[in-house]
Amino acid sequence: MPGETEEPRSPEQQDQEGGPAAAADAASEELRPGAAAAPAAPAETASSRVLRGGRDRGRTAAAAAAAAAAVSRRRKAEYPRRRRSSPSNRPPDGPGHQPAAAKPPSPAQGKKSPRLQCIEKLTTDKDPKEEKEDDSVLPQEVSITTTRASRSWRSSSRTSISRLRDSENTRSSRSKTGSLQLVCKTEPITDQLDYDVPEEHQSPGGISSDEEEEEEEEMLISEEEIPFKDDPRDETYKPHLERETPKPRRKSGKVKEEKEKKEIKVEVEVEVKEEENEIREDEEPPRKRGRRRKDDKSPRLPKRRKKPPIQYVRCEMEGCGTVLAHPRYLQHHIKYQHLLKKKYVCPHPSCGRLFRLQKQLLRHAKHHTDQRDYICEYCARAFKSSHNLAVHRMIHTGEKPLQCEICGFTCRQKASLNWHMKKHDADSFYQFSCNICGKKFEKKDSVVAHKAKSHPEVLIAEALAANAGALITSTDILGTNPEPLTQPADGQGLPLLPEPLGNSTAGECLLLEAEGMSKSYCSGTERVSLMADGKIFVGSGSSGGTEGLVMNSDILGATTEVLIEDTDSTGP
């Protein structure tokens with residue numbers, strides 16, 4: 001059955017199978033160097049070995065080798081890759097097979113093994129021509145006669161012995177026979193060839209079973225395949241030549257279109273990268289991360305911080321109302337503007353301002369000097385700080401980065417935005433209003449200045465109506481030595497000095513009627529001013545003297561909270 005090993009058979013069974021098989025088995029047993037072989041005979045001379053019938057020994061060895069090779073090939077064809085027994089157990093093929101007559105061995109041959117005799121004969125009697133022929137044929141016989149490597153459970157010594165025996169037998173037989181080219185150069189077809197086994201190799205009936213098992217193992221070893229060994233030093237092995245090249249598949253039109261699109265994208269990306277590289281060549285290379293070396297003399301770049309998103313908040317501290325772009329800025333503002341004490345004083349004699357931080361003091365100290373290191377590249381105007389230059393540059397560029405989130409008002413400076421944001425919260429910031437036009441102001445003094453500038457007639461009329469009117473011609477307008485007022489008569493204005501109108505002409509003084517309407521004005525420049533004692537002066541001043549009306553602010557009635565400042569004071 002396939003896959004099963006054949007058990008060794010006894011000598012009696014071998015005799016029953018046939019005499020020719022026993023003869024082949026005996027021939028192979030005679031050639032095998034066993035462990036129980038007879039010891040070698042004493043050394044003989046070369047002439048005695050030649051006279052012992054070298055030609056017959058050569059024929060015997062050649063016949064044995066041919067029989068073994070024939071049986072091995074036949075079994076390979078019938079049962080591929082199976083464990084098979086020795087060729088001695090199978091009968092020879094062909095009905096006309098006649099074994100050759102066996103020659104009785106001589107006494108000298110019984111003393112020495114046939115293998116040693118063949119070796120000695122070849123070494124002594126071989127011609128130079130035969131040696132050259134054997135050397136040329138040797139590479140071809142190796143592929144036929146080399147035995148296969150043993151498995152792990154078989155002995156390696158037996159494998160080497162069988163290889164040596166087969167190679168020596170084929171050499172000796174080919175040197176004596178004329179069929180050298182047929183055996184070595186071409187491999188015969190097993191189905192068309194008949195092999196003859198000589199009769200001289202018939203084994204006697206007394207072969208032990210142990211010897212038969214050893215012979216069977218040797219034949220199995222010779223028939224097995226050589227296992228693969230990966231030798232890294234083998235330069236002739238080229239695995240890429242053994243592989244079958246896959247057939248190229250036909251590419252569809254879609255694949256070509258996708259490839260064309262990819263090529264276009266790659267070309268566009270390459271062009272963009274080239275443009276970026278050209279732009280970056282002008283710029284300085286980016287600084288590498290890590291610690292700064294001691295020998296690095298390049299200027300230190302400021303640390304970049306990401307700006308937080310804009311979230312306008314207002315400072316709720318009393319009297320502040322500053323608008324900031326993020327709650328984090330608000331915390332910083334409250335800490336350094338309201339909680340931290342001002343301990344840095346400006347050393348300038350005419351200043352004396354206080355600051356919370358030293359850098360604020362250093363920035364302020366530049367204003368007391370005439371040093372202007374920051375120059376505008378558009379108009380060549382110089383500034384004392386880089387911040388002032390940056391704000392000024394926005395005038396040329398038209399940039400207004402700050403914007404009111406309520407009405408969209410844009411400006412360049414944060415102070416302008418803070419001033420603008422107060423308009424949207426008029427109830428808290430503009431608590432003082434004009435009672436004539438209703439305009440609101442942040443300070444009370446701004447209302448008084450507004451009335452004196454925008455509504456002077458109404459202010460004078462209200463003042464004279466409340467005071468019943470009086471003509472002032474005193475030179476002491478500051479009230480340091482006030483003259484007593486005389487009572488009015490017949491609804492006319494009363495002079496402060498005796499005979500004030502005697503030497504005065506029409507149009508040189510102010511005369512008010514009882515209704516509070518003026519008839520004429522004194523010559524000179526009219527003005528309304530607040531004196532030191534809280535009185536109001538309305539009149540004209542000249543180099544010769546000053547004339548006008550002096551009124552108490554307590555008699556103004558509804559406008560008692562209004563304080564009138566000099567018209568030179570700044571207003572909105």
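Cβ atoms are placed via backbone N, Cα and C, with glycine included.
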Annotated phosphoserine residue, as Swiss-Prot has it, among Ser106, Ser298: Ser106
Record-annotated phosphoserine (source Swiss-Prot) among candidates Ser86, Ser203: Ser86
For the compositional bias 'Basic and acidic residues' (254-271), the number of residues DSSP places in helix, strand and coil: 18 helix, 0 strand, 0 coil
